[in-house]
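Once you've had a glance at the structure underneath, I'll fire off some questions.
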There are 2 protein chains.
Amino acid sequence: MSSAAEFTDQEAEPGNTIDRAYPGGIPEATVARLPVYLRALYTLGERGVSTVASDELARAAGVNSAKLRKDLSHLGSYGIRGVGYDVEYLVYQVSRALGLTQRWPVVIVGAGNLGRALANYGGFLTRGFRIEAVLDTDASLLGRELGGVLIRHVSELERIVTENSIAIGVIAVPAGAAQAMCDRLVAAGVTSILNFAPLVLSVPEGVDVRKVDLSIELQILAFHAQRRNAERFGQAVDQAAAEA
Amino acid sequence: MSSAAEFTDQEAEPGNTIDRAYPGGIPEATVARLPVYLRALYTLGERGVSTVASDELARAAGVNSAKLRKDLSHLGSYGIRGVGYDVEYLVYQVSRALGLTQRWPVVIVGAGNLGRALANYGGFLTRGFRIEAVLDTDASLLGRELGGVLIRHVSELERIVTENSIAIGVIAVPAGAAQAMCDRLVAAGVTSILNFAPLVLSVPEGVDVRKVDLSIELQILAFHAQRRNAERFGQAVDQAAAEA
DNA sequence: TTATGTGAACTAATTCACAGCT
DNA sequence: AGCTGTGAATTAGTTCACATAA
């Protein structure tokens, strides 16, 4: 959380860089792709590339170059015509747009396999985020270390969230416990939740929930796989079963 | 994989139920929501609900009712005006549309925390999928059981994929190993890949890749969190840093 | 030259609002 | 009377194609 206090007067101040750079906000679809660009840029940077053209960056990110350029244009005009983009500078601008110039403290609720996988995700998670705590109810896990953080009891949830001004919580508990954990996170002040439990969480207005669902992704793959088969085999698959 | 062989003649056969039910295919956005509806339907069914109106189902799925009805209309006309939808029947129709009337054998590559989390995902994963094998290179893991399946060595990958006609593979290995594993899966005949490694996989035409990326979701949350803060604090956040 | 940035055209997705069926 | 199914209207997202700038 920022230390800034009350600037409500200059909301529409012209010349405010954010107003110029983000006229009417960045489209959701663009926001969802910025992290992909950011990762591609990091990879290029590590390889010593200092300048990259939209074609190349687009290939690395798995999109077409027109889309990439349009996306980046929503952040501002940070490329050089005839040349391309400066990798380091673009990393900075994309990071800034995503809000990653600060480091967000995160609490992970659930220290099962998934919680552990998250806590150990290391490399990429640590850019822009810091795991402040991992919580569980299982007494046998308490005190164990996970990704450099001790596993603590969920009874400490409220205190930890408040003391560290945690805005982002990750739910990695079984479906049955997820809504209760969500309610506690929200009550304690968390406004962004990443939900791995397979259910739709109810949250009050103003709380942002994103879900990651393993079985949903598999089911989408199954749909396309079936469709591919149907095409190959003349679409007669399941024909009999379809009526009634 | 189906046992059907060559039906290429009747591709455009009118009266084919799939042609009638899916005129011009189901929109991607709809496909991505069908699994959510399916889960909500299962939950309702377990509670003993036998009929559900679009409002109620939409609420359970976290979408609005117009969208739900439009989505379902792409599968066919399976509701009853003035009444609603029969839960059991709709479960069947959605399952069929998603290709879940068959059980897809799946191979998971990587038995680290994430692979283990997936293998133990149990309840929801098993509806429509069967984990045929979990593979790893780590000798200390081999022979251990995971979600009812033995962990085997990746050297068996090709044999296992071929013998079981596996069409869907899950990559849960570190980024450095992911592309190589992907190539081997594809060479062995896998055409659908769910990728948990934080990189963009290259695959030949005709192979379907979906990615699940923990850090991307967090970054999207950070964006919105930042934006919320900027609104509250008058959008002056990062103003100085923006120039140069 | 060469590659960005962007209006304009196009395509997809969402929402509205109500006709039509039970 | 009530709820589905869907054309029509709207909004969002993508792609094209080229003027513009280094």
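Every residue, even glycine, has its Cβ placed from backbone N, Cα and C.
Feature table excerpt (TrEMBL):
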- B:36-75: DNA-binding region (DNA_BIND)
- B:Gly110, B:Ala111, B:Gly112, B:Asn113, B:Leu114, B:Gly115: NAD(+) binding site (BINDING)
- B:99-200: domain 'CoA-binding' (DOMAIN)
- B:1-21: region 'Disordered' (REGION)
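Map these features onto the structure and tell me what's around them.
The list of residues near the DNA-binding region (B:36-75) in space but at least 6 beyond its ends in sequence, with Cβ under 8 angstroms from a Cβ of it, reads 21-22, 26-27, 30, 83-88, 90-91, 93-95, 97-98, 100, 124, 127.
Under a cutoff of 8 A between CB atoms, and with a sequence separation of 6+ in the same chain, the neighbours of B:Leu114 (NAD(+) binding site) are B:Ala172, B:Phe196.
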Any idea what the model's mean pLDDT is for the domain 'CoA-binding' (B:99-200)?
94
List the helix, strand and coil residue totals of the domain 'CoA-binding' (B:99-200) as derived from DSSP.
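When I sort the residues of the domain 'CoA-binding' (B:99-200) into the three classes, I find 34 helix, 29 strand, 39 coil.
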Suppose we call a site close when its Cβ is under 8 Å from a Cβ of chain A; which of the binding-site residues B:Ala111, B:Gly112, B:Leu114 are close?
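Out of B:Ala111, B:Gly112, B:Leu114, B:Gly112, B:Leu114 lie under 8 Å of chain A.
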